[in-house]
Amino acid sequence: MSTDTPNVFALPDVGEGLTEAEIVSWHVAVGDEVGVNDPLVDIETAKSIVELPSPFAGRVEALLVEEGQTVRVGTPIVQIGGGAPAEASEAPTTEKREVLVGYGPSVSRRRTRNRPRNGSPAPSVRVLAKPPVRKLAKDLGIDLAKVPARGDAVTRAEVEEFARMLSGAGTTAAPVTGVRRATAEAMIASVAVPQATEWVTVDVSASVELVERLRADRRFDGVKVTTTLLTARAVCLALGRTPDLHARWNDSTIEHPASVGLGIAAATERGLVVPVVREAERLSLADLGHAIDDLVATARAARIQPDQMSGGTFTLTNVGVFGVDGGTPILPPGQSGILALGRVARRPWVVDEEVVPRWVTTLAVTFDHRVADGEQASRFLADVATILEHPAMALAF
């Protein structure tokens, strides 16, 4: 039932104990008609960009917070009049848009914009760009409409290139917000943990051959089969024999999780994010591949949700995709282990007393020395290396 009393929507806690968020971009303007669960605004938390749907139906009367502003949870952000709040009894429709849990089912979009009054300027055309790119442009004080785009949408690289051009190829400064700030704070917290790193260089030629065979297997259609996927599976198997590598230090106790929450470090336009594959050890290789592909794609589209990055117990990061041989990974907060996979490259290798070319990589594991010792870390690393060198050994785990 409709009401004449305006509805005020306050910034909600979308999970993970959110205290504040930045308004990245509004999907509506004053005068728009919105329905329940219509996309309303993109906000940036410390972990992701989240699209908030409207909990009310009616006409947008006022946008109470401007794009680029950071506000605390509970702050009114928009006023909607002439409608009613979402009802729990509404039935879902076939709309496929992901919505914020708790705001009701998705309904078809039905926005109508008031015609401008006589003498009013026509609404400006929104430049096509992803929310993180629009946010970067806003932070740098750049009008996206002036940025030359090589494709259909303006990219982050094009905004940065335009910023350098405006500054005469000098330095540019951007505020530290969102994921970058959260990453910095997490790394500062991480160095307080007594951590150590071990390395091993391994012949992964058999894994490279297996990757090629699996890519030709119909059961892996649609799966991105790589050495990263095989390493993810090897990590899950190895953790079954050395569970302390994904336990958690909690002052007076060490907590052992019931399953593996495998974090997959993903580089995005907004910075590094780590979506989590829950109960990863229970998945088949193909299902694990699908899960990783879906999460990474969602993260790179800036649509990863806070709950998709929680529950991690061990993290895998592939630094080899950037062409480097290896690295010293830093523990994510709350985790006791992280494995870095280096570049897989052809190198001379001794086989049966002869030097032959083989596919070789370097693995590095960093662990919390309060939870595990060098022996456990070494056994874990040796197990992962064994599986990658001799994939058939996975049957013995």
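Glycine too: its Cβ is placed from the backbone N, Cα and C atoms.
It should be emphasised that the depicted structure is a prediction, and the values quoted were computed from it without experimental measurement.
Residues or ranges marked as domain 'Lipoyl-binding' in TrEMBL: 6-81.
Among the features that TrEMBL reports, region 'Disordered' is placed at 104-125.
If you look up TrEMBL, you'll see 128-163 marked as domain 'Peripheral subunit-binding (PSBD)'. Confidence across the domain 'Peripheral subunit-binding (PSBD)' (128-163), taken as the mean pLDDT and rounded to a whole number, stands at 81.
Counting residue by residue with DSSP, the domain 'Lipoyl-binding' (6-81) contains 0 helix, 40 strand, 36 coil.
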